[in-house]
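> Just passing along the structure, written as structure tokens.
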Amino acid sequence: TELSIEQRFVPESCPRAVRPGDFVRYHYLGAFPDGTRFDSSYDRGSTFNVFVGKGQLIAGMDKALVGMCVNERRYVRIPPRLAYGTEGVSGVIPPNAVLHFDVLLIDLWNSEDQVQVQTYFRPEKCPRTVQVSDFVRYHYNGTFLDGTLFDSSHNRMRTYDTYVGIGWLIPGMDQGLLGMCVGEKRIITIPPFLAYGEEGDGKDIPGQASLVFDVALLDLHNPKDGIAIENQQVPESCERRSQAGDFVRYHYNGTLLDGTLFDSSYSRNRTYDTYVGKGYVIAGMDEGLLGVCTGEKRRIIIPPHLGYGEEGRGKIPGSAVLVFDIHVVDFHNPSDSVSITVNYKPSNCTVLSKKGDYLKYHYNASLLDGTLLDSTHSLGKTYNIVLGFGQVVVGMDMGLQDMCVGERRTVVIPPHLGYGEEGVEGEVPGSAVLVFDIELLELVSGLPEGYMFVWNGEVSPNLFEEIDQDHDGEVLLEEFSEYIQAQVDSGKGKLAPGFDFEKIVKNMFTNQDRDGNGKVTAEEFKLKDQEVKEEHDEL
């Protein structure tokens, strides 16, 4: 005669129990005391959905459901006076029947419910939270209140990407995502009237279902965002900042907002080299590289509309915010020339280096970021060249001009006057700006331009006869060489310094051997001023 309730399973966690006025969804088996089944929600493949305590159920069931938790199972025995009484239900339940119900509560909500948010992880740093009209990328598991999974972005291995607060989502999700940080994880519980309502979604979500979303926010931006720059390390001395048109060499780590690495120049052991402000890189990087100093480290945060857009690229998903931690190694402009800074100049500085002079100097060679490339000091010997004859890179030929012995200077050489785009394998990176700290130790004055040998006194009027030692009217290379060597040894003549003696003499001999037969005759033999005079007369 009395209502009997037996709790057959009670979940460990019961954050909420049924109260009068709540809406519930439950499964049940209905049977008579002898076990004969008269009804089952399982047979219909749909839960029974109803308000509790509003007279929509038989009185015994209204009472039996109160206090139940989601996933709780109860065995309920209802006497006739709390069921269908003396009337019964024609053809289904006889008069004065005791009814047994095996009930499993699936869902529970109230019309006064709001979206519930439970944050179970929040990063220490949260510079920005989701606001209305932001675009977000997040992963989620979607379940019903009883834990049944109905959808998961993880299973598709793709984030859910959407605007927030403009009606692209169900209202409860629009509310539940507000205030989230990138990296935050929260559980969002949404009543059906803020989800898919009475009809459900027509596929996986039944009508009147509460939804639970376990959300991890990966990305966040607004279409109005520009790039964000965080200066991490700026050198104390910054004589020059990059401008549009400059060529920059930099290292970078590229990550998504959640820290996922998608690319790194360090892993390739090579800088990324590009022009700035000319569209060679994504728009956000073009902007973020302006105004940097050599040696500077900065973080550049680029929204997708200034990055790789909705489509993404390679390991970069569509609509992803990009984070680049960059280190500027050097930069230059194609219009740059050699830069010379004199660090010390002797008081007596009258003889200046010029083209053709033979120079001996020490140097330290480094990149703009200070990386040492080479040093004559470590080799214990000077570097020796003839200035202006292409024995060093063009920029060094320029940088050594007009120096005096004892002078120290710093020469900065852009790559187009150095080793160019290719660099030197294993020694000098391509497109690298070079810095040379130079000290000139010795200068041997060269000969006038165009001369490899000059006389220190009057030239003999019988020069050919003196060279032709055997007086056969022909001068061979050996005779020519011996004569020049004798003039140099006696101080009567001078060879261009810094060149190989044999190569110079052979070159001089070849110039005189006009018919190329290996012999010079008196008719062929001419001094340089005689050649110029004859050409002038001819003109």
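For all residues, glycine too, the Cβ spot is worked out from N, Cα and C.
Nobody curates TrEMBL annotations by hand; they come from automatic prediction.
Just lifted these from TrEMBL, have a look:
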- 21-109: domain 'PPIase FKBP-type' (DOMAIN)
- 133-221: domain 'PPIase FKBP-type' (DOMAIN)
- 245-332: domain 'PPIase FKBP-type' (DOMAIN)
- 356-444: domain 'PPIase FKBP-type' (DOMAIN)
- 455-490: domain 'EF-hand' (DOMAIN)
- 500-535: domain 'EF-hand' (DOMAIN)
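In terms of burial and nearby residues, how do these features look in this structure?
For the domain 'PPIase FKBP-type' (21-109), the number of residues in each DSSP class (helix H, G, I; strand E, B; coil) is 14 helix, 37 strand, 38 coil.
Sorting each residue of the domain 'PPIase FKBP-type' (133-221) by its DSSP state yields 13 helix, 35 strand, 41 coil.
Listed by sequence, the residues of this chain that lie at least six past the ends of the domain 'EF-hand' (455-490) yet keep a Cβ under 8 A from its Cβ atoms are 501-502, 505-506, 508-509, 512, 518-522, 525, 527.
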> Given the model, what does the mean pLDDT over the domain 'PPIase FKBP-type' (356-444) come out as?
95
